[in-house]
Amino acid sequence: MRYFLIVALLLYSSLSFSQQKETGSSFVKKLPDPQKAVNDFGRFLTSNEKDTLELELKDYLKRTSNAIVVVTLESLTDPETEKEYTIDEAALLYFNAWGIGDKAKNNGVLLMVSRNPRRVRIQVGTGLEAILTNATCQQIVDNNLVPNFKEGLFFAGIKEAVEAVQQLLDNPPAAEQQAMAQYLRPAVVRSESRDMLGAPPEKKNPVIGFVTIGGILVVCILFIKYGKPLSSGWYTRNGYESETHHRTFHSHSSGGSWSSGGSSFSSGGSSYGGGSSSGGGASGSW
C-alpha cells in the first residue's frame, strides 16, 4: 500500500512540474470558470463595457467560429518567482496555455493589455497568420490601441481593435487582392513610365506568339485526353468553391492557406478549444 502511495505522489509531482514548466509557472492565471472571452484581470473596463464586449465576441464566435479573446493584466511579473516577462512572452504563454481557438483550425486571436509596464499585444493563432500578418497587426496596434490608450480610452481602443480584426477576418479575399495588386504594380509602373517618356512601344516577336499559341493547344489536347474534372467544385478568382459554398483562399505571399465557412456557426462553440500560436502578431507601448 505504501509503495502505491509513493508512486502516486511521484507521478503527481511530475505532472505538476511539467504543467508549471509549460504554462510559465504561476504567472499564467487559471482559466476562469465559467469561461469568458473578456478576462479583465487588470481592471481596465467597467462592468457594462465588459458585458458589451463579451456579447460581441460570443456572437462573433458563433457566427464565424473564430475566437477573439481579451486579457488584461496588472503586471507582467510572476508574483511567486518575481520573474519579469515581456508582453510577447506573456501573450504566447497565455495563448498556448489556455488553448485559444479551435485545435484543428488554430483560429484564435488574443488581445493582451498590461498596466505595468504599459504594453499591448495582438497574438495570432497559426491558422490566421496569412490574414493577420505581423504588419497588419502592427497597424492595428499603432492606429487603434496605442492612441486611445494614451488618452485613457481603454474600451474605445479595445473595441476599435476588435472591429479591425473582425473586418480583416470577414474579408480575406480583399486582403489577397491587395497583395496581388502590389505584386502587379511594378509592371504597370514600367508601362506608364514608357508612355510618359514618349518611348516607342515594345516590339513583339511574332515567333513568341506562335510558340505560345502552340503551347496552349498542346495543353488543351492533353487536358481533354487525360484530365479529370474537379470533384464537386470549381476555381474562381476568389479561390476554390465547392457545392457546399465552402471556400478556401490561398495566400501566395506566405504559402499558407485558410478556410472561410458559411455565414453562421450552428453550435455554441468555445473560445478555448486547444488552439495554438507560433508567435505571430505585434506589440506596442502606451
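Any Cβ shown, glycine's included, is placed from N, Cα and C.
Marked as signal peptide by TrEMBL: 1-18.
Sequence annotations record features per position, and here TrEMBL assigns domain 'TPM' to 38-167.
Residues or ranges marked as transmembrane segment by TrEMBL: 207-227.
Residues or ranges marked as region 'Disordered' in TrEMBL: 265-286. Residues 31, 35, 37, 57, 61-65, 67-69, 87-88, 91-92, 95-96, 98-103, 105-108, 110, 117-127, 129, 132-135, 137-138, 140-142, 145-146, 149-150 of the same chain, all 6+ positions outside the region 'Disordered' (265-286), place their C-beta atoms under 8 angstroms from a C-beta of that stretch.
Residues or ranges marked as compositional bias 'Gly residues' by TrEMBL: 270-286.
In terms of DSSP helix, strand and coil, the compositional bias 'Gly residues' (270-286) has 0 helix, 8 strand, 9 coil.
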